[in-house]
Amino acid sequence: MRENILFIGCGNMGSALVRGLVRDKWHTKYRFLLFDRVPERAQNLAASCGVEWVEHPLLYSPKFVFFAVKPKDVPEAARLLSSWQEGVLVSVVAGVPLQNLREYLAPSVGVVRIMPNLCVEVGEGVVPVVFSPEIPESYREELLFLFASLGWVFETNEEEINLLTALSGSGPGIVALFVEGLMDGGVQAGLSWEKSLRLVTQVVLGTALLLKEKGFHPGVLKNLVASPGGTTIASLSVLERAGFRGILMEGVKAAYQRAQELSLG
């Protein structure tokens, strides 16, 4: 008999996690159960992924619960778990420490924090993990194996996870804005929207793979592309004068500060 995994919260991140795990066929090894306070959201996701939605989640004695709600909704959503006595809570809630989550749970329930990004949906996410000390090694290994389907998985600590949230969690949004800007530039020059988007996404994908596989520092790759007196150095000159690099750094800093604020309640 398959053991149960419950997903509480079927918003953007909860849905990305479900789709990422279904993509790697984990729903054939575990029974996936979806719950959301808006039933239609869970129903639609369940139907699209070939899994189940439930109205009364803890009737099913889940082994693992993925907790993907907004920070302000934690107290209300956690009440669903008040009678749960055995298993591991996997929290995807930004800025809420393990200690705060534990207040809502039975002492026998373990707690894990992960801060994935939306790229987990296609198996190319970043998944930093913080385990509470009492979780048995067998559960750790099982969860790490599960998470590995979602992208790059690594253990960290709660002191670092807010910074990781700012960089990897917010990163896809920052990259998407960058992609949109390049795409708009292509359209302004005369390309169709479709061709410009296809071209830019391929450039971003290829550049990321080149950096990853060759181990280049980004500055090295930039200099390889920027021939003296050429088009690339002309473009880079405009971006540097506009403070492009500094703006990105300030964006990451703002995301980190906000993550810190959330962790303080």
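Cβ coordinates come from backbone N, Cα and C, glycine included.
Straight from TrEMBL, the features:
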BINDING   ILE8, GLY9, CYS10, GLY11, ASN12, MET13, ALA68, VAL69, LYS70, PRO71  NADP(+) binding site
DOMAIN    5-95  domain 'Pyrroline-5-carboxylate reductase catalytic N-terminal'
DOMAIN    158-262  domain 'Pyrroline-5-carboxylate reductase dimerisation'
Count the Cβ atoms, other than its own, that fall within 10 Å of the Cβ of ASN12 (NADP(+) binding site), considering every protein chain shown.
11
Reduced to three DSSP states, the domain 'Pyrroline-5-carboxylate reductase dimerisation' (158-262) has 91 helix, 0 strand, 14 coil
Helix, strand or coil at ASN12 (NADP(+) binding site) [DSSP, three-state]:
helix
Cβ atoms near CYS10 (NADP(+) binding site) (within 10 Å, other residues, all chains)
26
Candidates ILE8, ALA68, LYS70 (binding-site residues); min other-Cβ count within 10 Å returns LYS70
Grab the NADP(+) binding residues from the record (ILE8, GLY9, CYS10, GLY11, ASN12, MET13, ALA68, VAL69, LYS70, PRO71) and give me their largest CA-CA distance in Å.
14
